[in-house]
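Okay, so here's the structure we're looking at.
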């Protein structure tokens, strides 16, 4: 049986397209700029724009002198923002050369969270220095700063079509900020472990956050109702190590909402948002911690890894749809996920 498994893995690996690597070293973050282009950053200190359908680098930006922790794009534009361990956030424009067009300086430690207001005028940043800052993008001036003891920020999200900003922290709590007053309006009940990441649903009603942990303890993602702050809806349990990323997936026709998570245990899982049933698991053995996910549509997902570059994961809903209303009962086998390209 073991020989058969090895043969299968060799065949499987031969089916994966191997493209030009986007980075040298670990990749910390990936997001989409357009349907064809993704943006990533990692330990090589470079921000890379990559055509993941053609398998080639389009542009690389070199301005940070420490590793890149987060990248973010403003929808419908060519703006790219990158945060780094060098304590800065740089703004780039794909159409304006390879130099940063704006620099946001003021944090004293690594910047782990960046978010853009829906109107594209304000930038929110959060750092391990306990500061949450609000910047005017055009002038790069810091308009508001707020320090909360032990609020070591791990991620920041702007709630769509609102003035609210959500952030996770190493102090195990989630905070909601009002961008008009730059005050905390809600603090969720502290979880048992550090909150590593968060994402907000497109309608702004729900928040999903993820936790660190070990041995299966504390490695969950949690769905919260933002209309009732602090109201926990369901938990997604199944990862064996820190759950590093959690995102809402684009809806597929006739399907229920889905959540995707990636973990230090080298696996990606997709969950039914409402029932918390695990619909599919993809294990990327040897890829190391998987710390960032970027969905393109309901059938494709990009995943950043420490050891194996960026992975293009294809999601097949066919078997799930075939089960109809009983889809959830299929458990981990009811949704097919496979890597089709690596770069």
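Cβ coordinates come from backbone N, Cα and C, glycine included.
If you check TrEMBL, you get these features:
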- 61-102: repeat 'WD' (REPEAT)
- 104-145: repeat 'WD' (REPEAT)
- 153-187: repeat 'WD' (REPEAT)
- 259-281: repeat 'WD' (REPEAT)
- The answer for the repeat 'WD' (259-281), taking Cβ pairs under 8 Å and residues 6+ beyond its ends, is 206, 208, 210, 219, 221, 223, 234-249, 287-293, 295, 301, 303, 305, 313, 315, 320, 327-337
- Query: Which residues, given as numbers and ranges, are at least 6 beyond the ends of the repeat 'WD' (61-102) yet have a Cβ under 8 Å from it?
  - Reply: 28-33, 39-49, 108-116, 120, 123, 125, 127, 137, 140, 155
- With DSSP as the yardstick, break the repeat 'WD' (259-281) down into helix, strand and coil residue counts. 0 helix, 15 strand, 8 coil
